[in-house]
Every structure is written in C-alpha cells, then in structure tokens.
C-alpha cells in the first residue's frame, strides 16, 4: 500500500518546505522504505522554463527533459532518486490539459469547472505512477491562504477521503518567531495558519515549526492544544549550519518516528544515518579551504545557481576542504575593467550557464584570465560557448568570432540549434515559434576521447548528462580551433555536436555543453566537480 504525505506551508514563504520534504524522504529511505517525491506549483506558467531566473531561481532539468522547480534538485540530492516530468505540475499545466480535453469533447458537452474537473486532474497527477512506492511525499508550493493554492488544497482534502485517512497524512510547516523584547517564541502565527488550513477542510497531523531555538515543552503543549495535534507531533525545525544536517536534526526531534506511528508502522528501530553523519562531519571539519570565483549573469539571486553551489560543496566534501564562493556579476568586468583585482585571489574560476548577450564579454574576459594565468577553469553550457569564442578570438585569428544568439556575425562560432535527435526521433524548432520546451532538454549520451583529461576524470569514455540549451558550438570550426591547442574531447555519439573542450597543456581547463551540477549528490559528488576542486586545492598550495 502506498502512503501519501502532503506537505504545506504557512505564515510566510521561503521557510524550506522543499528541504523539509527531502529530509523526511531521506529519513524514510534510511529505514528501508521506497520513496517518491512530487511538487505541485500553484502558478499559471505551464512550467518555469520561460521564467526569469530573478523571478523563479534555477530551472532544474530532469532526465526526460522536464523544466522543473529547483526543489526537485533538493529531492534528487537528498534521496538519489531521479525525478521525472510527472513529479512537477503547475496550475498552468493542469488548466492547459483540462482545456485541451474540453476542446476534444472529452467532457461530452458538460460544463467544465474547477470542481470537479480541475481537482480531479490534480488528483490524477498525484496518484498516477505511484503503485511501486511505500511513500509518496507531495509538496504544495506557496503559502496556505493564497488564492492560487485553493484548487490544490481542495484536491488534497478530497484525496484524504478517497484514499482514507490511514493512507494519507498532512504535515504543515509554519514559523515560530522569537520576539527578543518579550523573550519568548510566539505561537499565534502558527495557530492562525493552521486555522486557515482547517477552514478549507484539512486538519494537519503534524506541525513542523521553523525556529532558531528549541521549543519549550509548555509552548509545544500550547501549540498542540490549539492546533488539535499530539504534542509529539509538534516538531522543531531548527536552524542548522548546513541543509545536510536536517535529516539528523529532524530525527532527533522524532519526526520520522511520528510519521511511522501515524501510519501504524514499526518505529522503534533506529534509521541508518551514517552517511549523513559523514557528510555533516566533512562540511563542519574541513582540512583546508579554497576560493572559487563564479562569474555569472544572475548573481543578484543566488537561487539561480542553486545546484551549482551545491555541486561545488560536494566537490569540497570529496576533497575534505571548505569551498568559499565569490559571486561576481560578469558585467562588472565590462564596466570597471577590474578583472585582475577581482580574480587575483581565486584558486579556480567557473563560468556557468545563461542566456543572452548581457554580460557575455565579461565572461569571455574571465575565460581569458583563467587561460593566460593557468588557473583551474570550468565552463558550463554558455560558459563552454564563451570559452570557444575566446579561443577563436585570441588564438585562432578570428577577432569577429561570436554567437548568433547576440546577432548576425561573420564568424558564427556558436549557432542556433534547429534540429537534434532524441532516440530515433528528429526534433525540430521553428524560427518564431514558442520558446517553452524548445531547447535541447534532458539527458543525452556523449563519447569522450580516450586519453583525454575529461575521460580520465570520468574514468570512462561514454557518459550521459543533462542538457538545457538552444545554441550549440559550431563543429565546422573544430579543426581550426584544435590547431591552437584547444581539444574537442567530447562529442555526441554521431560526432556532430561538441560536448566537451579542454586545453591539455593547461593546469586544469575543461568546458562542457551540459549541466553536470544537476547530477551531483553529497554522497556521490560529480567527478567534474571533484576534479575541479582537487585542481583548486593544488592551485591554493602553489600560491
């Protein structure tokens, strides 16, 4: 029997529902249960693919090419279970599907309404494909009380009746603010948030209370009394120094035991949290420190690079060092010309993905600085394209080398990809067509050149990595660029699409068209990030 745990949030946003959900999933996994995680987002966009990084943060890509919420990255990093398109649904997608059915006549001329048609579609999304799992954890985005969330909350209320309360549980995350003037935690916001949830017919069975300090027993009993839950089900979600300490912290608070008790499952035994203890120890007790400069376009909102920051942390874990990140807006180099001053202390330089001409020249300057000063460099997606353009301009005698993304150019080192293969099917993008879902998205295979640095890093010559890009390095320039010393060390299986370039004579210079950060886990760091940080450690020692 599959059991469903629904996680909602109240009082304020950004309390960490995604981390809390992932931590609970990790605890259930540690007890031997098979888990699946899903996210319901109440915005009207069909997916976050066309949303600004400043609005939404990172777009996380799944193996099957779905553009999803960044919380799915947390789910994968905590559980190791690869998410799919079915695991992230928005109001926009639900409405789009229902309207498409209405146009086909699927509703036989009936009046299409939020209840039952929208709520039924939501329920189908929640339960479809879950039979093989012991637990399915479903996070509902937004905050209880938001009008956008109402159809999802109504669907949950109905599902509890459809499946039975013995098969479903509701966990509500709230804020317990501490008021210094009063010298106490205030429970009223939690009480009102639960009342808001009760008003739509949902009684939570557990409260996860975000706080910067332990909850006194008298306050715990007060919350339980006013919110109609057991005192043992009032769990303190304490602030921690690393998100990877959350499974341990929540277990110490009794969260997993209370979930199992509710479902009438054995809970006396202890879960195996040894790998989480090792990860936390490695983070808290590093043997050294390196500084990585990240020259990006969206550094004003660091959630735009959430998986990247986590992957660098994982690389630090693999090398027993603390990784200090220096976030630099690439336009700063264009405006101030202070690249040497800003990068002089960097042990490694990373240029991440992005779209558009803004800040591109600053990224090219960062590539040149890393190449000329022999500093470890990793370019990702757009970063690889800028590395190739820098090579063409500086070494191959092509000063006008550019990308067609920026406008017409005589030397299109990077061009619009209008056709590519997925399996046996050829996919095409029309000029002027919709942007949503039109990129090369998802996991694709690549072949690495035997004996290359990147093949040595991976320990194999065949890989499969996740992509999200619309422009591609022009392979017609391959021979000319390789004469300068740049090596095309990874290609698509048909040899048409460049996937990896490197400078064999450089201390460590690798650029990839894909997004390796999306596959990195704290207990299984991606080899590129482990190798990149290892090179940074060498550079730090050299200094």
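In case you wondered, yes, glycine gets a Cβ from its N, Cα and C as well.
Keep in mind the model is a prediction, meaning the values are calculated, not measured.
For the L-glutamine site, Swiss-Prot lists 54, 354, 382, 383, 384, 385, 405; matching the candidates 284, 291, 466, 470 against that entry yields 470. According to Swiss-Prot, 14, 15, 16, 17, 18, 19 bind ATP; the candidate from 71, 87, 97 that the record adds to this site is 71. Counting other Cβ atoms within 10 Å of each Cβ, the binding-site residues 17, 188, 470 show the lowest value at 188. The binding-site residues considered are 54, 382; of these, 54 has the fewest other C-beta atoms within 10 angstroms of its C-beta. According to its DSSP assignment, residue 139 (Mg(2+) binding site) is in a strand. Confidence across the domain 'Glutamine amidotransferase type-1' (291-542), taken as the mean pLDDT and rounded to a whole number, stands at 91. Here the CA atom of residue 139 (Mg(2+) binding site) lies 7 Å from the CA atom of residue 18 (ATP binding site).
Annotation for residue 13 (CTP binding site): spatial neighbours 142, 143, criterion Cβ-Cβ under 8 Å with sequence separation of six or more.
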